[in-house]
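Feature annotations, courtesy of Swiss-Prot:
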TOPO_DOM  1-90  topological domain 'Cytoplasmic'
COMPBIAS  9-26  compositional bias 'Basic and acidic residues'
TRANSMEM  91-111  transmembrane segment
TRANSMEM  123-143  transmembrane segment
TOPO_DOM  144-147  topological domain 'Cytoplasmic'
TRANSMEM  148-168  transmembrane segment
TRANSMEM  175-195  transmembrane segment
TOPO_DOM  196-271  topological domain 'Cytoplasmic'
COMPBIAS  239-251  compositional bias 'Polar residues'
TRANSMEM  272-292  transmembrane segment
DOMAIN    348-619  domain 'AB hydrolase-1'
Amino acid sequence: MKANGLDNDPARTRMERTDIDSEHPEAQPLLNNNHRTLGAGSANGPAVNEGRDIESDGFIKDSLFQIRKGYRIFIHNSKWILNILILINTIWLVTTLISDFFFNINILFGFSNRYASFNDLTLIFISIIANSFNLWFNKLGLYSALDYSLNVTLCVLTLFNLALTYLIKYTRQRIGFVGTFTYLWTSFSFFIGAILDWYLLFYNNSINEPLEERRIDDANISTFNENHTNSTENRDRSQYGSGSPTPTHRSQLVQNKHTLTEWVSIGFRNTIKFLILIFFALFTLNTLLTTLDTYRLTHKLPITVQSPSYEAFHYVDAAKTYQLHITCYGDVFDQENNTDLSENKKQPIILFEHGGYDTGYLSATWIEELYHLDKIQRYCLYDRPGYGLSDSPPAPISIAMVAESLRYALIKDAKIKGPFTTVGYDLGGLFTRVFTAKNVDIVDSMMLVESWHEELLLKNYIQRLLPPGRGDGDDGDDGNGNDGDGRNHDKTWLPSEIERHNEFRLWWKGIWSSLGWRLQTSWLLAHHGSKERIYGRDMKYQGRFLRSKFLESVTSSILSYRDVTNNAESLQNVKTSIVSSKEMVKKSALWGDWQRDLTKISHKTQEWKIVEGGHEIYKYGLGKQQTQEVLLRLIGELGKLTED
């Protein structure tokens, strides 16, 4: 009985089982109660809820699976969208390039941008860069808070530039649908980048959140286990092994660690975005300055009072393609006295055509002086398309197209009927010849001042213009300024109006004109005013002007040269006077020959006067006075000048 009682003793049975378990470690449970238990129910520590722990691991795995599945779908869809956007951008870039600089495709769809410059092309190119970067760096490991901030800033800056453009009436009426959409599209590209960054941040946090919660639990357990003996820790280490990193390590790796390749990619992307930010900062300052200058010169326009001055914008055709800026002084609308007695007959309206790198604001000062001296009764100036305040023309453009546009703007839109005495200076001499030839019915006489010869429109005119010399010039041909043709290739004496800038150089200047740094220095350092920047000495830095010069250069040897030669016969019965610079004739015999040829375009040439001074005769006192006398003799008013 005793033996049986001993055998059935529960305490003894537990002791024996304990001895067996100690002798057979493989039979021990996977979780050691005195190490991983939580709660107050255990002698060695709180008891562990094994079901909850297993359920938590399963939940984390399922959650991460769903998140990563959504992330893969997001990456797949975003790649498709960005590739489509880049394709649209590329097609739009090519279309804009062709439409703005070679052939106006937009007119087929009824669109127009009368404020066209190089800005649209630059913005589209930047949007391509932005979308390409969104595509290449749209990865979880490449998320950067700085990139998100840059995208938001660039998006806001682009919209701010558009707001500045719409702030004043002049630019608001001219930018059109295409120009507006360009700004919105560029802003949308940066907005897409910000959205993608936001999604990357979302997936980053979604992946880290369950891992972070598990990390907190593991941290609490680790804190409790630090109170255990070293022998228990060694036994647990031998029992579980080293294994893979804990969720804590994985979370820290996702949150704080990047590979070297990722750091290089992030740095490259943020550097390019920062350079774009600098570009947009300068672009915004340029837009702000141009907006201020344009407002100062246009907020009182149109001035429709017929006397003593008139200034307004007039369309060039019935389709209202674009407008020319026309300014007149005197009573240019009075045609009633044309049939009166000779003593009461009105003088013809002096219609001045400015040069290639100026407007009437600079080169017509000698005519303005005659008006203030009451030697001429009335005169008109206009800015050619893309110059000054006139609208940007559609491509292509030629001399005949401008002449036809001017006729419509003057006669049909402005109701200024003439008659006119046309005066052309520099490149404007060619425009004057074509306009006069096409409008002999309303032109009384023509005067050419330092006018271009049509041969200057050809590509190789510089070599023929340069005088023979001893090789003291240098254009990089042989070190002595010669090119094997016996001519001196020193071009430094050529005026900027004559020395043609090739298309690539004009294009390069046009791209950089979007920054406007030369315009900024014009008021910061040179203290020039708004008139100087819009149609004065600094006009040559304006993007719209450079685009017009590019259009003129592209068609000069094709369309414009043919326009001048085809209309030459119509000038044979037009009363004409020629004024040439003495310095230019001395420096180039060919220039003198060309000026002589101009005297032969009409059978009624009144005189050929070689005046003192250089090409810009309005800057030389004696040369200016001599030119004024030629004009007064041409219109029969020299007596007024001699009497005074």
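Each position is counted from 1, following the chain as shown.
The backbone N, Cα and C atoms fix where each Cβ goes, glycine too.
The shown structure was predicted, so the numbers you read here are calculated from the model rather than taken from an experiment.
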Number of helical, extended and coil residues in the topological domain 'Cytoplasmic' (144-147), per DSSP: 3 helix, 0 strand, 1 coil
Same-chain residues near the transmembrane segment (123-143), Cβ under 8 Å, at least 6 residues beyond its ends: 71, 75, 78-79, 82-83, 85-86, 89-90, 92-93, 96, 151, 154, 158, 182-183, 185-186, 188-190, 192-193, 196-197, 200-201, 203-204, 207, 258-259, 262, 265-266, 269, 272-273, 276, 279
Per-residue pLDDT averaged over the topological domain 'Cytoplasmic' (144-147), given as an integer: 82
Other parts of the chain folded back onto the topological domain 'Cytoplasmic' (144-147), taken as Cβ under 8 Å at six or more residues beyond its ends: 137, 193, 197, 201, 266, 269-270, 273
